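Trainee: Here's the feature list from TrEMBL:
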{"type": "DOMAIN", "residues": "207-408", "note": "domain 'GMPS ATP-PPase'"}
{"type": "BINDING", "residues": "Ser235, Gly236, Gly237, Val238, Asp239, Ser240, Thr241", "note": "ATP binding site"}
Amino acid sequence: MDPNAVKTELVLILDYGSQYTHLITRRIRSLSVFSLCISGTSPLKSITDLNPRVVILSGGPHSVHTPDSPSFPAGFTEWAQANGVFVLGVCYGLQLIVQRLGGVVKVGEKQEYGRMEVEVERNTGIFGSKKVEDKQLVWMSHGDEVVKLPEGFEVVARSQQGSVAAIESPARRFYGLQYHPEVTHSPEGMETLRYFLFDICKVSAGWSMENVLDEEIKVIKSTVGAEDHVICALSGGVDSTVAATLVHKAIGDRLHCIFVDNGLLRFKERERVMETFEKDLHLPVTCVDATEQFLSKLKGVVDPETKRKIIGREFICIFDAFAHDLEQKLGRKPTYLVQGTLYPDVIESCPPPGSGRTHSHTIKSHHNVGGLPKDMKLKLIEPLKLLFKDEVRELGRILDVPQGFLKRHPFPGPGLAVRVLGDVTQGNALDILRLVDEIFIQSIKDAGLYDTIWQAFAVFLPVRSVGVQGDQRTHSHVVALRAVTSQDGMTADWYYFEHKFLDDVSRKICNSVRGVNRVVQDITSKPPSTIEWE
């Protein structure tokens, strides 16, 4: 998807490190307005090339008093005013506007964190739909406070402690909120964002997944030459499947897909996904059974990062062989590679603004097909890289991908290797985990809970416990059950099952899976944990 195709209505978020920054992106998209998020320290040209209608300066953990605190580039305010661009500062973003335009921000005597009431002082601009003295609960998170406004700015709302809560300069088209309107803890926040975008900025709500589909097909057709061939590694997940279906719609059977059974798949995964690929989506897919190849290389390996790297390397070897075989068959090398990269994957590859780093910490060392051999020289096609997971599912629905497939919970690239803690080849850990996972997931479906949970799975723990089964003492394995709720996988909360459900599923597992005598539940959110265990 090309941002320039919707640039006249683009809302651009400059990220200064708030945990809520990407929630702003999602909230705006939910209003059928296209939004993108880039680093708050991006060069001015990176901003102006996108030609946004509105720029939002996000919150962040920094203080404008710190010498190396992140800020928008020199010339930004002049460019915004000269081009009629509306600017909204949120929390730290508001303080940046004040400090950079000649106002004063000081360390607050009374810091404000959490829910707080604010009162409207002027029913103009961003609060034009409110009445003076109207009150609303908002989510505050700041230690510094504005004590002097730049010339031409006015206070339009204050907190119950008297601190500046909202400012504006309609003549300059600059606005600021000291609180976070994007979070659910600010109940009227979406109304404020909606009013700001549609009534103040006069943005049109015309962005939809249908637009994305039409636009992306045009981009693919114009990018891929008439005789070029494209390859795609299908994982069996929603992302790669929707990406492949989209490319197939654009170029037909010049797309060549490969699905690899690495021995780390879920219960009957290979049979289930291949049936969808072939019968429902009519995708040209070659299935490769590489179980022995993967498991032999993983034997004895317990370090999770090493496991991921081994799996990544083996995928590359198989993928390389597939590409060479295809070249022999076609008489020419494939030109492009399709990957189902999503926007959160792009985001997690970026360093936090103000961190002083140029690279992020390793969150996922094995994502899609990384580290391809240099002699393959494949150009990337990533049709989903500006979309969130729920948007990909909506795109898949438009492409007639079966609803049951689209609703499938995410499954990691390294498969069950990140759900068997320790050596995946030891004993019958994989077989036990497959059966436990199948019982857990089927129980969730039978209870009508599957669609309300973002991701659920079982984990094989490298410990044994004493139990009593059939009037006999057992020394068997322990398995953990994990289920989380989330919107995009970037943050997550553990799911609160009814006690009866947990009791029933625990009994089913211990009575049906030989070698298991204890079931535990993971009740950790993300952060501090990740969703997966390894």
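Every residue, even glycine, has its Cβ placed from backbone N, Cα and C.
Nobody curates TrEMBL annotations by hand; they come from automatic prediction.
Map these features onto the structure and tell me what's around them.
Mentor: All protein chains considered, the CB of Gly237 (ATP binding site) has 17 other CB atoms within 10 Å.
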Trainee: Please list, in sequence order, the residues in the chain of Ser235 (ATP binding site) that are at least six apart in sequence and whose C-beta is under 8 Å away from its C-beta.
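Mentor: Set apart from Ser235 (ATP binding site) by at least 6 residues yet with Cβ under 8 Å, we have Phe259, Gly340, Phe411, Gly413.
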Trainee: Using the recorded ATP site (Ser235, Gly236, Gly237, Val238, Asp239, Ser240, Thr241) as reference, state which further residues of the same chain have their Cβ within 8 Å of the centre of those residues' Cβ atoms, listed in sequence order.
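Mentor: Surrounding the site, in chain order, are Leu234, Val242, Ala243, Gly340, Phe411.
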Trainee: Neighbour count first, Cβ atoms within 10 Å, every protein chain included; then name which of Ser240, Thr241 tops the list of binding-site residues.
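Mentor: Buried the deepest by this measure is Thr241.
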